[in-house]
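Feature annotations, reproduced from TrEMBL:
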- G30, A31, N32, G33, S34, G35, K36, T37: ATP binding site (BINDING)
- 3-345: domain 'RecF/RecN/SMC N-terminal' (DOMAIN)
Amino acid sequence: MSLAHLQIKNLRNIESARLDLHPHLNIIVGANGSGKTSFLEAIYLLGSGHSFRTREISPLVRESSDSLTVFARADDEQTISIQKSPLSPTQVRINLSPCQSSSELAYFLPCQVFYQDIFQIIDAGPSMRRSLLDWGLFHVKQSYHSLWKDFRRVLKQRNSLLRQKAAPSQLVPWDNMLVTLSEQLDNLRGQYFVELNREFQTLLSQLTDSKASLTYYKGWDRRGSGKHLSVILADSYESDLHRQFTQYGAHQADLIVNSDNLQAKQYLSRGQQKIILFALKLAQAKLITKRCLYLCDDISSELDQSHVNNLFKLIETIPGQFFITCINFDSLFIEKEITDYKVFSIKNGHFTCSEI
C-alpha cells in the first residue's frame, strides 16, 4: 500500500496542505525551518500515533490552533486519519472506524524513519537496537507481539518481588515463566536474525565497500558457556536483589554492529555509519510482507556523491514509498536514468509541486 493523497492541517508551521503523492519516490526540498521534517512527522503520526521527535502533543499543534489533523487516502482507496489536541483524547480512524490500538495502527501503515537520531542505534545502549528487532518481528511473526506482552508482564512481577526482597522460593514460579518466554522469544529472534543478516549483507554490498557485521546477543550467557537461563537466574539472585531488577533474560537482548571486529561507533566515520544503518533498516523493511513507507530526513548529509548515487539506485529497486527531504535538490546527485519521481518545494509551511 502507498499513500495517494495527504492532507495536513495545523501541524507545526503547516497551516493547511493537500498533496497528491507519487506512489514510489517523493522529494521534499526546502530551507531549514521550512517544514520539511514536519511533513515527515505528519506521515509518521498516521503510522504510530505520535511523532518521532517528541511524545508531547503541544509542540505539534500549530500556534493559535486547538488541534491538528492528518488524513491520507491510499492507492487502494483505504483511508486513515488522526486528530490530536492537548485538551482531548487522540482520535484515530482507519477506513472511518475508530482504531482500537497502537499496534493496529502500526500494522496498517508500517513506517521506517531515517532521522538525525539514527546514529543512536549504534551510539546508545541495547534498548534502541532491541527496538529494531521488536519492529521487525512485530511485522514478520504474528505471535511475537502477544508473546512479548506476556514476557513484560512476568518481568514486571519478578522485578516487583525483587524490590520487596522476596525469598528465592517466591521467585521460582516467575523464574520458570521468564525462562520459558525468554526461550520462545529467543527462538523467534534467532530465526529473524538469520534472515535479517543475510538481507543486510546483500544491501550493504550494493551501497558501499565498507564492511560491517551484525551479532545477536539473546540476553544471557554472553560467553556461550551453554549455561541454562534458569541456572543463571538462580546464580544471580543476590545480585538481582541488590540491583532490584532482573539482569538476564530476553529483555537484555542486543543487536551489535561491528566493523572488522571493532565497534562501529569507535571505528567508522559518521558517513560510513549512516550508510550501514540505511542498509540495516532497508533490510528490515524488505523482510515484511506489506509495502513500507520510508521517511528519510536530510538524506544526503554526511554522505558523499558516490554513496548518495548508490542509495538512489537501490531505492529504485525496493518496493514501497519513499519520502526524502533535502535543503538543495542538487545535493541528491540524482542520475538522469532516474526519472520517475515527484518534487515538492516547501517554504514557510506552504508547498508547491513539480513532477519530473
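Numbers run from 1 along the shown chain.
Cβ from N, Cα, C; glycine included.
Cβ atoms within 8 Å of the centroid of the Cβ atoms of G30, A31, N32, G33, S34, G35, K36, T37 (the ATP site) belong to the same-chain residues S38, T325, I327, I346, site residues excluded. DSSP gives K36 (ATP binding site) a helix state.
It is G30, among the binding-site residues G30, G35, whose Cβ has the fewest other Cβ atoms within 10 Å in the structure shown.
Each of the binding-site residues N32, G33, S34, K36 was scored by other CB atoms within 10 A of its CB, and the lowest score goes to N32. When pLDDT is averaged over the domain 'RecF/RecN/SMC N-terminal' (3-345), the result is 91.
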